[in-house]
Amino acid sequence: MEAIKFQNTVHHGRILIAFIFLFVDLSLCSPSQTQGELPYMTSDVKEVAGKSFDYIVVGGGTAGCPLAATLSEKFSVLLIERGGSPYGNPWVMEKRYYGFSLIQTDEFSSVAQDFKSADGVRNCRGRVLGGSSAINGGFYSRASEDFIDKVGWDKELVKDAYTWVESKIVSIPELTPWQTVVEFGLLEAGILPYNGYSLEHIEGTKIGGSIFDVWGIRHTSADLLKAANPRNIVVVLNATVKNIIFEGNGNASETTVKGIRFMKSDATTDQTYEAYLNQPKNCTSNGDVILSAGALGSPQILLSSGIGRREHFKKFSIPHVLNLKGVGKKMKDNPSIAVLVDTNPQNRLPDPPQVSGIAKDLKFIIEGGIIPTGFNATRMPIAAKIAFPVSEGELKLSSTDPRQNPSVKFNYLADENDLDDCANMVHLLERVAKSESIAFYLGVKPQNNLMTSTDGQRKFCKANVRTYYHYHGGCTVGSVVDNDYKVYGVKGLRVVDGSTFLESPGTNPMATLLMLGRYQGVKILREMEHV
C-alpha cells in the first residue's frame with residue numbers, strides 16, 4: 001500500500017513538475033526586475049565623513065538593503081557596508097560558481113569571512129553588499145504562520161512585505177536532474193505530502209523559490225536598492241563601523257545616539273571617521289542608527305560601544321555606557337549533519353538546493369546539493385538541520401578591532417533534547433541518502449545498512465555536527481530590543497537583523513530577513529507620519 005501511495009505521489013509530482021517547466025518556458029518564473037538604477041556608491045569614506053543623515057543603516061546585508069531602500073522614500077539614508085560590491089563578481093553573481101566564494105577567503109577583503117566557533121566548527125559570514133544573500137544557496141522560503149504569530153507581526157504587512165521582495169528578486173526554479181533525484185529521495189523516505197512549488201513553510205517535500213533567475217544570475221538583497229529614492233541615499237562600501245557615538249548631554253538617565261565611528265575595511269590604516277544623525281527640528285522626533293550587521297556584527301558593535309554586561313568591558317578599556325545583560329546572549333546555530341552520497345570527488349557543476357524536505361512537525365529540514373571542495377572538485381551532500389535547538393551559547397569580544405571576528409560559542413547538542421532530536425534526524429537522513437532514487441542516479445547498488453542503535457546515532461551526531469549557516473541571536477527581542485526593534489535604554493538605536501531572532505524561521509532565514517527589512521522600514525515610515 002505504501003509503495004502504491006509513493007508511486008501515485010511521484011506520478012502526480014511528475015505532472016506538476018512538467019507544468020512548472022511549462023511555466024518556466026513561458027518566462028513567467030522570473031521576477032519583474034526592479035525599475036531604476038542602483039543608488040550612488042562609493043568606497044571613499046571621506047565623502048561622508050562629518051555629514052549628517054536622517055537614518056544610518058549599518059550593514060548592507062539581507063535585511064539592511066530593503067530597510068535602507070524603504071526609508072529613503074522619505075528620509076536621507078546612509079547605508080554603510082563593510083564589504084564591496086557584488087556586481088561584476090562571477091563567484092557571487094553566477095549560479096555555476098555557487099560555493100566558490102566559501103572556499104577562497106582571506107582576512108580582510110573576501111566576500112565571505114571565515115570564522116571558527118569555540119566549539120571548533122568552521123563557519124562563515126557575508127562581507128559584501130547583499131550580505132549572506134550573496135554567498136548562500138539562494139533558496140527562498142517564507143516563515144511558518146506559527147512563527148509570525150509568536151513574534152506578533154502584523155500579518156497583512158508581513159504579506160505585503162514578502163510580496164514586495166518576491167516581485168523583485170525571486171524566481172521559480174527549473175529543477176536540475178540532481179534536484180529532481182533529491183526530491184524523489186525525500187518522497188521515498190516518507191517526507192510527505194508532496195507540495196510542489198510553494199513559498200510557504202509547511203510539512204512535506206516542496207520546491208522553493210530561488211534568487212537565481214532562469215539564466216543562472218543571482219539577485220541579492222542589493223538589487224532591492226534599485227527601489228530606493230536615489231536622491232535620498234548614499235551607499236558607502238568597504239567601511240567597517242567601530243562603535244556608536246553617544247550624546248554627551250550629562251543626563252545619566254537617558255542615553256542618546258549621535259552617530260557612528262567607522263574606518264576603512266582593508267586594514268591599511270586605523271584612522272576613524274564619523275557620520276551623524278540629523279538633529280531633530282523639534283524635541284519629539286529624530287532618526288535612528290539601525291544595526292543590520294548580522295548575528296555576529298550587531299552584538300559586536302553594541303559591545304564595542306559599551307552596551308552590555310559591565311564586567312565584559314574591563315579587559316578592553318571600553319567605557320561602559322549601559323548595562324544591558326542580554327547583548328551577546330542566546331546565540332544559537334542549528335545543528336546539522338551531512339552525509340556524502342558520492343564515493344569520491346568529481347568535477348560536477350555546482351548545484352544549490354531547490355527542493356526541501358520538512359518533517360516531524362517542522363523540526364527537521366533536509367536538502368541536497370553539489371558543492372565545490374576545490375576549483376576542480378565537488379561533493380554531493382545530503383544535509384539536515386534541527387530547526388528548534390534548545391542549546392544556546394554566547395558571543396564576546398575578542399578584540400577592539402571591528403574587522404576581526406568576535407568570539408562565539410554555540411554549545412552544539414549540549415542539551416540532551418537536541419542530542420535525541422539529532423539521533424532521530426540521522427535515521428531520517430540516512431533513509432534519504434540511501435534511497436533507491438539516489439542509488440539509481442549514482443549507478444550504485446541500494447544500501448539498507450542503516451544505523452539502528454540510538455547510542456550509535458548520538459555518538460555519530462557528536463562526532464559530525466556542523467553548521468547549516470543559520471546562526472542567530474545575540475540581540476534578541478525581549479532581552480536587547482523591544483517589539484519595535486528599539487534597543488532598551490537607548491534613544492535613536494535599533495537592531496533589525498537575524499541577531500533579534502530566538503529561532504531561525506522557515507527552511508532558512510533569508511526570505512524572512514528580506515521581508516523584515518521592508519516590514520520595519522514601512523513601520524518606521526508610518527510611525528514618523530504621526531510624529
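Every residue, even glycine, has its Cβ placed from backbone N, Cα and C.
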Using the record from TrEMBL, pick out the residue from CYS283, CYS422 that is joined to CYS461 by a disulfide.
-> CYS422
Mind checking which residues of the chain, 6+ beyond the ends of the domain 'Glucose-methanol-choline oxidoreductase N-terminal' (126-149), have their Cβ under 8 Å from one of its Cβ atoms?
-> 41, 59-65, 81-86, 89, 92, 95, 98, 101-102, 109-113, 155, 158, 162, 166, 170, 199-202, 206, 208-212, 218, 220-222, 235, 237, 265, 294, 352-354, 356, 362, 367, 369, 469, 503, 505-508, 510-512, 514-515
Compute the C-alpha separation of VAL128 (FAD binding site) from TYR468 (substrate binding site), stating it in Å without decimals.
-> 20
The domain 'Glucose-methanol-choline oxidoreductase N-terminal' (294-308): which same-chain residues, six or more beyond its ends, come within Cβ distance under 8 Å?
-> 58-59, 61, 82, 115, 125-126, 131-132, 241-244, 246, 318-325, 327-328, 331, 395-397, 400, 402, 405-406, 408, 471-475, 480, 487, 490, 495, 497-499, 501
Out of CYS422, CYS461, TYR468, point to the one nearest VAL241 (FAD binding site) in space (Cα versus Cα); all of them are recorded positions in the record.
-> TYR468
Largest pairwise Cα distance, Å, within the listed FAD binders VAL128, VAL241, GLY498?
-> 18
What Cα-Cα separation, expressed in whole Å, is found between CYS422 (disulfide bond) and TYR468 (substrate binding site)?
-> 14
Cβ-Cβ under 8 Å from CYS461 (disulfide bond), same chain, 6 or more residues apart: which ones?
-> PRO335, ILE337, LEU413, LEU419, CYS422, ALA423, VAL426
